């Protein structure tokens, strides 16, 4: 069960990393995800049905995601739309685009060789999935680690953190936001391409709930691995994707039907948002008690509900800038 | 830098219409250190914002270092203009480290470059620069800026703004959010840096004493127009009482 989760998690990891780029680096909640994920799947499967190799088709899926991200970026920056709305518009429009690409709501692969097909046939499906997932994820992670060591990467981080300061230091922030959207949605679409190949079909509905999956995985990853270095953060995202899959598998093991997966996703997201809040509150309380004891103040004389005065940092609210 | 016949109207055609800059012209000579004073709402900040590019102008021409920049965005003007904001949080990126902030400020071009931003020599150089601030920042190169105090952040902003040797330095009440002691310290640093680098500077301030003490030129903005523009000996002869009476007029 764990092995299956690792394989599936690695296929989902590019999506989580994509969500991480917009949500954490650019500080934008991007709903394009729900459209670019099936877009990647649709483009890849269609291309394979037309005779392209799995590798080329997956790359085409990635590029299609970049185009979707560019579109949302243009709506956001050039037409000055709120980023949530920009994402919703692209996502909605992409539904029709995906239908046109696929021709019908679900297209299965025939006997085309998927990425795992390049591996020795003697290996088990799980091993093949893990190797392909790990390979693609490694390329994505290494690429991004490199990117964030360049001046461009630094400009991206600065733009997400403080746009006024970035512009004052000569960074064209609109360009940065658009580039961020493109990289992010490219990764998301790549994930869609991998999942579709693993499933053996592309489906118009496969994007539903992906933003919740992405956000939950980002938060789970941050609970288990937190640091400031980019490779730690990205590894955390991969870990988050795997743990999230495992949690879902566990829930399924408890006897929940497949139809309940979406509500489980939503509940997991609520839990992982609340958990760090409570944890933080508890830790602050402990620290304060220890400190008060140290300086000899009677803790019973203090306001017991000091959580009203100290606001613990939420995971969704950005740190004070 | 020159500003010619600048006009700025907010909310034109509504009841809230406000003509904030009325035909403002200002020629800044290289090396000028100008203190800008004026009431709230007089148009000082609007003037600064139109020069920096955060606000578009409605009419008039803006020239920076021989380039017409009237319709250019903030990032384009950043080649020549640096700015320190009133809010210490605005001038620095809090999630990034001190060193990363300095790197961003060092060159205002090449943000699309795919070269590594860390250079071998930068740590030693940055430590040396930060030591001149005398705020203990030289040992905190890797600290995230959000953990610094307001004074430290503002001193860092100042250092960042002057690191690229700008043709024009804009200071927007940059000591207003600091306590008196820190404010005096940052002001002292400002003078030191501006004089050693011969920076052309435009400084908005509400402290008349600072306006009189620093700089070679003083400009007073009132009701969207430049009411007073004195320099050199004439400025030195000015007393706080003279300015007060002008404010009342």
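Note that Cβ sites are derived from N, Cα and C of the backbone, with glycine treated the same way.
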Per TrEMBL record, range annotated transmembrane segment [choices A:263-280, A:281-298, A:299-316]:
A:263-280
In contact by Cβ distance (the transmembrane segment (A:84-103), the transmembrane segment (A:123-148); 3 or more pairs under 8 Å):
no
Can you see whether the transmembrane segment (A:54-72) and the transmembrane segment (A:178-198) are touching - at least 3 CB pairs under 8 angstroms, only pairs 6 or more apart in sequence?
yes
Run the contact check on the transmembrane segment (A:178-198) against the transmembrane segment (A:263-280): 3 or more C-beta pairs under 8 Å, excluding pairs closer than 6 in sequence.
no
When counting Cβ pairs under 8 Å to the transmembrane segment (A:9-26), the leader among A:84-103, A:204-225, A:237-257, A:263-280:
A:237-257
